[in-house]
Amino acid sequence: MAEQDGGIKLVGNVDVQSDDQEENNNMDLRRGPWTVEEDFTLINYIAHHGEGRWNSLARSAGLKRTGKSCRLRWLNYLRPDVRRGNITLEEQLLILELHSRWGNRWSKIAQHLPGRTDNEIKNYWRTRVQKHAKQLKCDVNSKQFKDTMRYLWMPRLVERIQAAAAAGAAASSTTATTTYHINNQSNTNLNMGHNQILLPQPNNIGGGVHTYTPENSAPPHPRNRLGRRFLT
DNA sequence: AAGTGAATCAACCGCCAGGTA
DNA sequence: TTACCTGGCGGTTGATTCACT
């Protein structure tokens, strides 16, 4: 850790270095929270050149970030289709079910939750689910905990989802649409004992190309829920 | 109002697999 | 075959906010 720059740490020797020049270039790599200018730079570069080849992208875009950092920022925050906000009941149920199948395969689980990132799901699991395991004084991988999930929480979630759907249908019979469909459509079918919930396939990733500038448009997600963003 | 522990989540780290020269 | 590079993944950290006393 070499220096602080308004909360941004500057570091050297990140990832593999093969020659002196690259080593020197990396001496002023930035770490820590992304600024709004960096976000715009990354968004605009990807809009014009596409994503991938993250190390060369970082260099070509003039970002003093590692390729990894650019990739993570794009995938977890700047992508147009990233979905923000609370994890819904349907999503909670899906996470529980898919985790029971695949364990900590966060990226695989995320593929089945459109707009959600593996990081977000991982955070959800660690903060909410593991907290419950702690309260029950059992290991999150124990049979006791898994049984509690499967036979207590998941049926409860299904009930809440169905209750919410019924309430929504009663409130609005014309405009209500839901991304998730219970017991009546195709898509991924998860069997929950007596209850079944049918789940959507992942949305297409990527979508259209957008150009953002600080002057004429806001970035897709100017602030997080905590109001913590965009150091300048 | 101030202090403090808990909760949240963006970002980083280390490892690994696949591609390629 | 081997060495190197890159991208991707899961685990972890730390800054910030929230909630409670």
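Just so it is clear, glycine is given a Cβ too, placed from its N, Cα and C backbone atoms.
Not measured: the values here are computed from a predicted model.
Per TrEMBL, the listed range annotated as region 'Disordered' is A:208-232 (candidates: A:8-32, A:208-232). Note on the domain 'Myb-like' (A:79-129): its mean pLDDT in the predicted model is 86.
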